[in-house]
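A short worksheet on the structure shown next.
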Amino acid sequence: MSGSALFFLVLGLALIGWLTARARAVRLGGATRLHSLPGQHGWYVAMWVAIPAFVFLAAWGWISPQLVREGVLASPQAASLPAFAFERSAILAEARAIARNPDLGAFNPQAEVLAPIYRTYLTRYAWIGTGIALILALAGGLYAFSRIAAPFRARGHVERGVMLILLVASLIAILTTLGIFGSLLVESARFFSIVPVADFLLGTHWSPQGVGVAHPGRDLGAVPLFWGTFFIGAVIAMAVAIPFGLMSAVYLTQYAAPAVRRWVKPMLEILAGVPTVVYGYFAALTVGPAIRQFAVALGMPYASSESALAAGLVMGVMIIPFVSSMADDALAAVPAAMRDGSLAMGATKSETIARVLMPAALPGVVAGILLAVSRAIGETMIVVMAASGAATISLNPFDSATTVTKQIVDLLTGEAAFDSPKTLAAFALGLTLFVITFLLNIVALRVVKKYREAYE
Amino acid sequence: MHAPAPTAAPKISARHVSVHYGRKQAIDDVSIDVDMENVTAFIGPSGCGKSTFLRTLNRMNDTIPTARVAGDIRLDGEDIYAADMDVVQLRARVGMVFQKPNPFPKSIYENVAYGPRIHGLAANKAELDHIVERSLTRAGLWGEVKDRLSDSGTALSGGQQQRLCIARAIAVDPEVILMDEPCSALDPIATAKIEELVHELRGKYAIVIVTHNMQQAARVSQRTAFFHLGTLVEYGVTSQIFTNPRQERTKDYITGRYG
Ligand SMILES: Nc1ncnc2c1ncn2[C@@H]1O[C@H](COP(=O)(O)OP(=O)(O)O)[C@@H](O)[C@H]1O
Ligand SMILES: [Mg+2]
């Protein structure tokens, strides 16, 4: 039975459980007063039908492939598989694909031999899983149904069940993040077993295309990348985003007539929704060449069209709505009494903004800027399209620069074995980026929290 | 209809003032005189327009986009709604203290120095120091804060914050001080201090105080105006309003028939 059919079957059983339990509770209620509403008895039974079955299925989906694989490997035909783990997995994966879809042609003859065995085990374990799930659903339903009685406190049980479901839902995102972090750590650990941490973090020479075998660390010094990321994301982009974002927030919250605000604010939000790839080709095709020409006119004949300035400027524009909306929130959170107090002293509007509102909103604004920086340095599409691949360290914004994210893309899209230092370097870069944005976010959230408390 | 209370030369004289918020009328044809010698109290049930009327006197209603003020309000005979009136100057002359203490999130010193700075009242630091000290002294706060002028104004107690706001208003040397229920967020002891302060400030500034507390009006004011549903029902000498009101509605309110 296919997964989705089983899913709907369990749901159907839960529905039947709900209906019968409810009907029974209604009948009981005719004679005595029920502790809980009939619908709550219904939910109680439905949960007992669905939850154990689904929990089992989730676990089974994780365990059964291993069981199938072990079954296949134990078969006599598997004895001739190559010993090298990488090749072995490839053949098994192919056999599995053929087992699921016999129309596929086999690339490796061994996979063809293993496919029918694979199919046998797949079917066998699918039926076992289905059977156990249905037994669990029925057993859970019968157990819950047997507990229905007038004094039974279904309400409390349902409440706990709901809490459990919500808890699991909220854990999924957290566990996924932890999983990502864990895999980054594992791969980075492999990288750092080849390349010393100090070489990577402090080295100033980055040329992953020609990594030396004896001293891979000499060609994998990430400082030029960190510099480029910082220069494009935190310096040039912020030089655009901070002033324009703040000014637009001040205008929108303090000066704009309500009608103007009603129009301009959603338009800024649309700007925030433009796919980054669109900004990317705008940077690569329009801004980059324009800046090159400008640089040539300034007397730099060899200026690059993949300058740090092009990527940074466009990234700054992309971040404007973000800064603006954070600053908008921060300004709006300053109590109106503060503004009135200043105006009543005879201060003008701009004096009030500069001397009272901005200082009061500063923590919120700073937090917004930190979050904006963390977005900018993690931004990928614009730099992939508009920044250069050459890792140089230069203060000149007309020079080319590269970033961590761009290098990760370059490293992983090339052809390379999955355990070469060059490929593993991508994970180390990812980990570094992850840690930095994580810290930025934590600091920003702390600042915001402290600031909230100040006005409560 | 209601003759303004008899005074010498009125500091503020308002005639036929009406205020609308959009379509809704909040003040209907109010005429009143306020003088230098007496403290004037505005009383009346909540929502009757006391704050709205008070805010017409320093044009704080200008900050509410929907508010429209009609009528004639003069400060020393000068029309404050005239086209050439400088609102910045007006608000320096007519200070305001709000219902909830609203010190700026700055140091105590900077709170008081705020007005003098924006109006350029001090030529140097020494003068500014002097203004700050004098204002805090007048507001009865100097003794409590003189050793911690650089602490944040928001770290003071509620009553101290309100006196800081009074000091802030005094610092620009206004002629009139408007107080909108300045004690409603304070405990009885802090309230008593503010009332004492109002006594001391009387005569130096024309003071208008809005209060929903009738005992307070009786304690601190010499003139009382009773507002009801956006109209001025009765205005007169405080003792007369409380002992011998002319209007039935005033009497009902004073005796607690409605609140
Ligand atoms: N900003 C405003 N916008 C619209 N209506 C307002 C506004 N402020 C006050 N009002 C209305 O005007 C009336 C008078 O309010 P207010 O002057 O605050 O009364 P009081 O200070 O006597 O309690 C009330 O009905 C109130 O709802
Ligand atoms: Mg009021």
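Keep in mind that glycine also has a Cβ here, set from the backbone N, Cα and C atoms.
Keep in mind that what you see is a predicted model, and the values were worked out from it rather than measured.
Annotation comment: TrEMBL describes A:227-444 as domain 'ABC transmembrane type-1'.
Counting residues 6+ beyond its ends, the transmembrane segment (A:41-63) has Cβ neighbours under 8 Å at 3, 6-7, 10-11, 13-15, 17-22, 24-25, 34, 129, 132-134, 136-141, 143-145, 147-148, 152, 154, 157-158, 161, 164-165 in the same chain. As annotated by TrEMBL, transmembrane segment applies to A:41-63 (among others).
Sequence-distant contacts of the transmembrane segment (A:125-145) (same chain, at least 6 residues past either end, Cβ-Cβ under 8 Å): 1, 6, 9-10, 13-14, 17, 20-21, 24, 44-45, 47-53, 56-57, 60, 64, 67-68, 71. For A:125-145 (among others), the entry in TrEMBL reads transmembrane segment.
The feature transmembrane segment is assigned by TrEMBL to A:165-186 (among others).
If you look up TrEMBL, you'll see A:225-250 (among others) marked as transmembrane segment.
Annotated transmembrane segment per TrEMBL: A:270-291 (among others), in sequence order.
For A:303-323 (among others), the entry in TrEMBL reads transmembrane segment. Residues 228, 231-233, 235-242, 244-246, 248-249, 268-269, 271-272, 274, 276, 279-280, 282-284, 287-289, 291-292, 295-296, 368-369, 371-372, 375-376, 379, 382-383, 386-388, 394, 397-401, 403 of the same chain lie 6+ residues outside the transmembrane segment (A:303-323) yet bring a C-beta within less than 8 angstroms of a C-beta in it.
Residues annotated as transmembrane segment in TrEMBL: A:353-373 (among others).
Annotation comment: TrEMBL describes A:424-448 (among others) as transmembrane segment. Same-chain residues lying 6+ beyond the ends of the transmembrane segment (A:424-448) with a Cβ under 8 Å from its Cβ atoms: 180-181, 184-185, 187-188, 190-192, 194-195, 200-201, 208, 220, 222, 225-226, 363-364, 366-368, 370-371, 373-374, 377-378, 404-405, 407-408, 411-412.
Contact count against the transmembrane segment (A:353-373) (Cβ pairs under 8 Å) is highest for A:225-250, out of A:165-186, A:225-250, A:270-291. Below 8 angstroms of C-beta separation, residues 51, 427, 430-431, 434 of the same chain, each at least six residues beyond the ends of the transmembrane segment (A:165-186), sit close to that stretch.
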